[in-house]
Amino acid sequence: MGHASTYEPKTKLGMWFDERLPVARMMHGQFVEYPTPRNLNYWWTFGGILVVCLAIQIVTGIVLAMHYIASPDEAFNSVEFIMRDVNWGWFLRYTHAVGASMFFVAVYIHTFRGLYYGSYKAPREILWMLGVLILLLMIITAFMGYSLPWGQMSFWAVTVITNLFSSLDMVVPGLGTSLVQWIWGGYSVGGPTLTRLFALHYLLPFVIAGVVMLHIWALHMPGNNNPTGIDVKTRGDTVPFHPYYTIKDGFALVVFLLVFFAIVFYAPNWLGHPDNYVPADPLQTPPHIVPEWYFLPFYAILRAIPNKLLGVIALFGAIAILFFVPWLDRSKVRSTSYRPIFRWFFWLFVLDCLMLGYLGAQMPEGIYLILSQLGTLYYFGFFLLIMPLVGIFETPRPRPGSITESVLGRPLPPDRTANPAARPEVVK
Amino acid sequence: MKALAESAQVTDGPNDKGEMFKRPGRPSDRFPAPFPNEEAARAANGGSHPPDLSVIAKAREGGPDYIYSVLTGYKDKPGDMEMAPGMHYNTAFPGHQIAMPPPLADGVVPYTDDTEQTVDNYAKDVSAFLMWTAEPKLEQRHMLGHRVIIFLFVFAIIMFLAKKAVWKRVNKDHPPTEA
Ligand code: HEM
Ligand code: HEM
């Protein structure tokens, strides 16, 4: 948005349209000319990949919904019917199921990228918070989707997770129980629960699509951050989005799809759990209830805390705290590349999340429980103590004078350096 | 396939008089269930419900290997073990007590060639068959997979070269020092 449009409609019809509804002008401005920092690395390709992931989920999901039957007696068999008798049904379902996992792989990389390069700092706080909102919606959507095949794991995951709300009984007696029964639409997880999960699973991805549009709008106001974390100062710091980043994003996307479809065709059940091929049986609890891999770190946090209510608060807190990151970080420097101390804490945080993921799949006892508790402590400590304190006490490493200097690897001669005072005008 | 299916009698209907009738099977029919309902199945099997085996090979950790191990896992129980009534000792089954009596025995089914008629060979065939019923599209999936992966691989190389070619222009068309 922060640059003048050079869009010239070439045909009469184009001109006629442009005066009435300048969509083409907007698209040209935002996705062709859009000045993009010239030094973006491959970590910046995941935003585009995520858009494609969402599109794949919506397209495969809609076709699956044409054959799927949301009833406890039929759901499991209808999924098997899709796998056997619907033309290309196996491809649709495996793409949707593997697609959900790949979506989370991409979104976690995208989020850690934002954390590493300080992309949440001013003026991108709203952009970041919309991202966190998307993450929350994705988690809810995927949880609901996983319930739909109505296998053993589906059923028991729904039972365990919805039951979490009953912990509110500890605050107001009866409140939690009433809430849970309201969510279930009855006294146990059953038909009414499944149909509402399906209705919402259909709805939420479109809500996500709407928030993604706002997310990209909020991105295009200040423009992209970049690996140096330094603001764009001159035109020369940028290149037009097309063709430079369309081709780079395109290449990254093809490599991503290569991995994606290698899993779909050769190991589609690798990321799933065998118990979900057993039809749901409300009378038989599986010995070991585990969620999908992408929820494991959160599950570990939930179970690390012996008190049920506090565990639930920690679970929601683990996401909610992300909303406050722009204000928790007190550093003046965006990019972690120039933060010698924070860097260590950042990578330790990544390891911590991986460890919590591993622990989420283990029984919460003995050493596993103790490690989960330490992991949870570090998770929250990272945001609440390390981010504010390191930001205040750390001395950042010297940064290049501009994006261009960092690309060239040497300072520019003084006469060629743009006057920083003229900065906003130059970019606009 | 068709002849095999016709050898089974399938209940179909109701016809226009509202009655159920028997007819020879077709390949698109389900396998006829051995028990009319779950209660009958439990009664015949010491209280345990024999599971539907259509997707069993995907529903167990280890898949067909696990099935093979269960089928060949019937052994004499260790002397000190207490067995529940009607249960059979099995090395592969969780808990080592299974309600299913040993389903295979040497020589029960003749092979059309001179394959040895052993439990071991039967168990291999049964687990391979159950893997097929669990994943009837597996072969088709792999065939298509080869093509898709080769296509994407070539596409990735082309995209990589295109990206390099485009980015070569960047310093010429957009000099980094331009104010
Ligand atoms: C469906 C999910 C999402 C989509 C489609 C999406 C899309 C995008 C796109 C296209 C970009 C620009 C390209 C790039 O920087 O990679 C972007 C940037 C960004 N996204 Fe997302 N995003 C999603 C989820 C998230 C989440 C969960 C977060 C954080 C919690 C987030 C935070 C950010 C930030 C901070 C930027 C700016 C990065 C920068 O310029 O340095 N996004 N997003
Ligand atoms: C954010 C996007 C989405 C995510 C993360 C997601 C996730 C999931 C997951 C994890 C499953 C379970 C797959 C399995 O193990 O079988 C599932 C199933 C399903 N989803 Fe989605 N989904 C998304 C969008 C959609 C949309 C837009 C629709 C419909 C319009 C849809 C319709 C379905 C249906 C019908 C099933 C049941 C069939 C099956 O299990 O394969 N999904 N989804």
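Using the three backbone atoms N, Cα and C, a Cβ is placed for every residue, glycine included.
Residues or ranges marked as heme b b562 binding site by TrEMBL: A:His96, A:His201. For A:His110, A:His215, the entry in TrEMBL reads heme b b566 binding site. Taken from TrEMBL, the feature ubiquinone binding site covers A:His220. Annotation comment: TrEMBL describes A:231-401 as domain 'Cytochrome b/b6 C-terminal region profile'. According to TrEMBL, the feature region 'Disordered' maps to A:404-428. Per TrEMBL, transmembrane segment is recorded for A:42-70, A:91-111, A:126-148, A:155-184, A:199-219, A:250-267, A:309-329, A:341-361, A:367-393.
Structure coloured by features recorded in TrEMBL.
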residue  : record                   : DSSP (3 states)
A:His96  : heme b b562 binding site : helix
A:His110 : heme b b566 binding site : helix
A:His201 : heme b b562 binding site : helix
A:His215 : heme b b566 binding site : helix
A:His220 : ubiquinone binding site  : helix
Sort out the residues at least 6 away from either end of the transmembrane segment (A:155-184), same chain, that have Cβ-Cβ distances under 8 Å to it, and list them. 143, 146-147, 190, 192-193, 197, 280-282, 285-286, 289, 291, 302, 308-309, 311-312, 315
For the binding-site residues A:His96, A:His110, A:His215, which sit with their CB under 6 angstroms from an atom of ligand 2? A:His96
For the transmembrane segment (A:341-361) and the transmembrane segment (A:309-329), check the count of CB pairs under 8 Å (sequence separation 6 or more) and say whether it reaches 3 or more. no
For the transmembrane segment (A:199-219) and the transmembrane segment (A:42-70), decide whether they are in contact, meaning at least 3 CB pairs lie under 8 A, counting pairs 6 or more apart in sequence. yes
Filtered binding-site residues, from A:His96, A:His201, A:His220, whose Cβ is under 6 Å from an atom of ligand 1: none
Ranked by Cβ pairs within a distance under 8 Å of the transmembrane segment (A:250-267), the first of A:42-70, A:91-111, A:126-148, A:309-329, A:367-393 is A:91-111
Sequence-remote contacts (6 or more beyond its ends) of the transmembrane segment (A:91-111), Cβ cut-off under 8 Å? 43, 46-47, 49-50, 53-54, 56-57, 60-61, 63-64, 79, 82-83, 131, 134-135, 138, 142, 145-146, 256, 259-260, 263-264, 268, 271-272, 292-294, 322
Between the C-alpha atoms of A:His201 (heme b b562 binding site) and A:His215 (heme b b566 binding site), the distance in angstrom, to the nearest integer, is 21
When the Cα of A:His96 (heme b b562 binding site) is compared with the Cα of each of the binding-site residues A:His110, A:His215, A:His220, which one is closest? A:His110
Neighbour count first, Cβ atoms within 10 Å, every protein chain included; then name which of A:His215, A:His220 tops the list of binding-site residues. A:His215
